[in-house]
Number of protein chains: 2
Amino acid sequence: MQEFLIDSALDMHLHLRDGDMLKLVGPLTSKTFSAALVMPNLVPPVTTKEALLAYKERILEACKEDEFDPKMTLFFKNDYSYEFLKDVKDEIIAIKLYPAGITTNSETGVASMDVEVLRPTLESMSKLGIPLCIHGETNGFVMDREKEFMPIYESIASSFPDLKVIMEHITTKDAVEMLDKYDNLYATVTLHHLLITLDDVAGGMLNPHLFCKPIAKRPEDRSALLKAALSGHSKLMFGSDSAPHPKHKKECCGCAAGVFTSPIALQVLVELFEKNKKLENLNSFVSLNAQKIYNYKPKEKKIKLIKKEFIVPAEYSYENEKVVPMFAGESLAWSIEG
Amino acid sequence: MQEFLIDSALDMHLHLRDGDMLKLVGPLTSKTFSAALVMPNLVPPVTTKEALLAYKERILEACKEDEFDPKMTLFFKNDYSYEFLKDVKDEIIAIKLYPAGITTNSETGVASMDVEVLRPTLESMSKLGIPLCIHGETNGFVMDREKEFMPIYESIASSFPDLKVIMEHITTKDAVEMLDKYDNLYATVTLHHLLITLDDVAGGMLNPHLFCKPIAKRPEDRSALLKAALSGHSKLMFGSDSAPHPKHKKECCGCAAGVFTSPIALQVLVELFEKNKKLENLNSFVSLNAQKIYNYKPKEKKIKLIKKEFIVPAEYSYENEKVVPMFAGESLAWSIEG
């Protein structure tokens with residue numbers, strides 16, 4: 001039977017939520033991933049050292065059976081002092097910036113993306129070597145939001161050449177092209193944006209389980225993302241943006257944005273890279289690139305994928321929480337051994 | 001109190017469905033509209049004289065309290081004979097063409113849009129003076145489907161210069177521009193495509209009640225449609241494409257496409273034309289243009305709109321059928337007197 005070894009898989013953009021949802025989804029990542037960059041958009045967002053450490057404890061508790069290293073992030077604020085950031089530096093891997101109101105639990109994000117407004121915190125981060133992760137969307141027309149954000153990436157990357165700036169969950173050809181323009185600009189891409197376009201969300205029936213932010217774009221955008229990922233582009237990392245919402249908030253009128261991919265990400269990535277005859281680049285995409293960009297050495301954790309059918313569960317549940325994964329009920333070509 | 005008289009309102013693109021849904025939605029059109037062009041995409045579609053006359057009877061029965069003239073259409077087929085069309089001509093106002101599988105109940109539509117394949121039926125229609133209504137979308141990427149269809153409109157319009165061709169429910173700047181290129185090309189536009197863009201469907205939370213086919217497009221498309229409608233463009237008619245689906249089929253995973261606007265269309269149109277200081281063109285848009293294009297003289301039916309708040313019901317129901325209108329629960333500035 002065909003096999004493939006993934007070595008210390010890293011999910012560089014993950015939502016673990018809190019409470020029962022954390023207990024439900026935490027182990028679905030920690031089982032197979034060596035580490036993950038955990039997003040701080042709780043309610044309220046993670047903005048203090050105490051909240052950060054307490055959240056990390058809850059994550060480790062939820063994933064206790066597994067070797068798993070949650071890499072923590074702070075929610076960006078304009079008024080973080082240099083002293084605060086210096087004190088918290090060793091507890092975080094990055095700071096995540098959200099424009100206000102741009103996605104789930106981002107209401108207290110920054111109101112202005114003007115570099116001069118952001119400068120105090122960004123200068124401290126640059127001096128301390130703390131990377132900046134950005135949800136890069138404007139409030140414009142939904143299909144243009146990421147493209148319109150490109151000048152802001154350029155402005156930050158050029159104003160702070162020593163700051164590592166990560167364009168999170170990129171979805172467009174424009175963002176892929178931007179990657180090569182600035183040495184200090186990097187990106188994550190999700191599994192679902194390598195696979196779907198707006199057609200899958202709203203081209204046939206409306207599919208709320210594939211509704212996410214940023215919204216899936218055009219076929220030529222997906223092609224550009226896929227080409228970069230398959231090539232093992234050294235500035236592009238896997239970040240699932242796996243974003244669980246309770247089932248009832250997805251299958252209702254006015255559904256929440258987010259695709260839940262943690263339990264199926266590695267299986268589908270192996271299938272995708274195998275189909276495109278690029279398996280030799282998969283470990284770069286899911287681990288090595290991130291190790292270099294974040295200067296992080298994960299504990300070794302080898303996961304064996306085997307070419308054997310895996311039927312994705314219709315849903316995962318814990319207590320009263322239920323969450324529906326991507327490809328729910330469908331058959332995948334690869335499964336995780338054991 | 002400010003008033004406005006609408007004279008013999010015509011809805012030139014309407015889905016009345018059948019059974020209890022017809023009994024529910026029929027009176028919501030017949031109360032205020034003088035006549036409507038009724039779409040034939042039942043299951044099975046309306047393709048025989050018997051089915052046509054029986055459906056018309058059921059419509060009149062459902063709307064019996066009102067003066068209302070349902071103008072019937074046949075579902076386009078490649079193999080309609082000249083004799084059949086001649087026989088049925090006086091019972092129909094047009095024939096509606098659906099590319100196979102393009103929208104609700106269109107599975108038996110035409111498999112090819114090649115003019116040579118369509119020629120026999122189109123030649124008969126041209127000779128008999130029967131207009132052709134088209135759902136003009138390709139199977140391409142959802143945002144491009146209408147634009148990609150433009151060469152097919154051009155091919156049909158130029159091949160059959162005596163055939164009146166109506167581009168149904170246009171949603172793009174491209175279609176508005178196409179209107180002026182061929183004398184025999186006309187169009188309908190819906191209420192919702194004058195009001196919304198993709199942002200309203202998927203820019204915030206996902207809104208299944210605004211999910212429709214063709215999908216709402218970009219801001220510049222809406223602007224072009226609105227400008228043409230407000231100007232009273234003589235080749236553009238109001239056609240609501242009001243498309244009721246049972247509430248449970250809209251608020252579920254994999255929701256059906258269609259916006260239900262019949263009971264609020266006139267109120268919102270008056271508000272829209274008033275706000276843009278173009279009330280003098282509203283009767284052209286909702287009646288006079290269609291009268292000229294279809295050479296049809298409706299019975300007189302004056303509807304008085306008054307500038308008085310109207311709270312849109314959260315839903316309309318009949319027996320077990322429930323349908324949610326556009327602007328459900330919201331306040332409109334105008335209401336219908338009486």
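Glycine is no exception: its Cβ is also placed from the backbone N, Cα and C atoms.
In TrEMBL, annotation is done automatically, which means it is predicted and not curated.
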Check your understanding: For the substrate site that TrEMBL assigns to B:His15, B:Leu16, B:Arg17, B:His135, B:His245, B:Ala257, which of the candidates B:Asn41, B:Asn283, B:Asn289 is also assigned?
Key -> B:Asn41
Review point. Which of these, B:Lys96, B:Lys147, B:Lys181, does TrEMBL list as part of the Zn(2+) 2 site with B:His135, B:His169?
Key: B:Lys96
Review point. Taking the centroid of the Cβ atoms of B:Lys96, B:His135, B:His169 (Zn(2+) 2 site), which other same-chain residues have Cβ within 8 Å of it?
Key: B:His13, B:Met39, B:Leu97, B:Tyr98, B:Thr103, B:Cys133, B:Ile134, B:Gly136, B:Glu168, B:Asp241
Exercise for review: For B:Arg17 (substrate binding site), just give me the three-state DSSP call.
Suggested key: coil
Exercise for review: Name, in the order they occur in the sequence, the residues of the same chain whose CB lies under 8 A from the CB of B:Asn41 (substrate binding site) and which sit 6 or more residues away.
Suggested key: B:His15, B:Phe75, B:Lys96, B:Tyr98, B:Thr103, B:Thr104, B:Asn105, B:Ser106
Point to revise | CB within-chain contacts under 8 A for B:His13 (Zn(2+) 1 binding site), separation at least 6 | key: B:Leu37, B:Met39, B:Cys133, B:Glu168, B:His169, B:Thr188, B:Thr190, B:Gly239, B:Ser240, B:Asp241
Check your understanding: Which of the three DSSP-derived classes (helix, strand, coil) applies to B:His245 (substrate binding site)?
Key -> coil
**Study point:** For substrate, whose listed binding residues are B:His15, B:Leu16, B:Arg17, B:Asn41, B:His135, B:His245, B:Ala257, the greatest C-alpha pairwise distance in Å
**Key:** 19
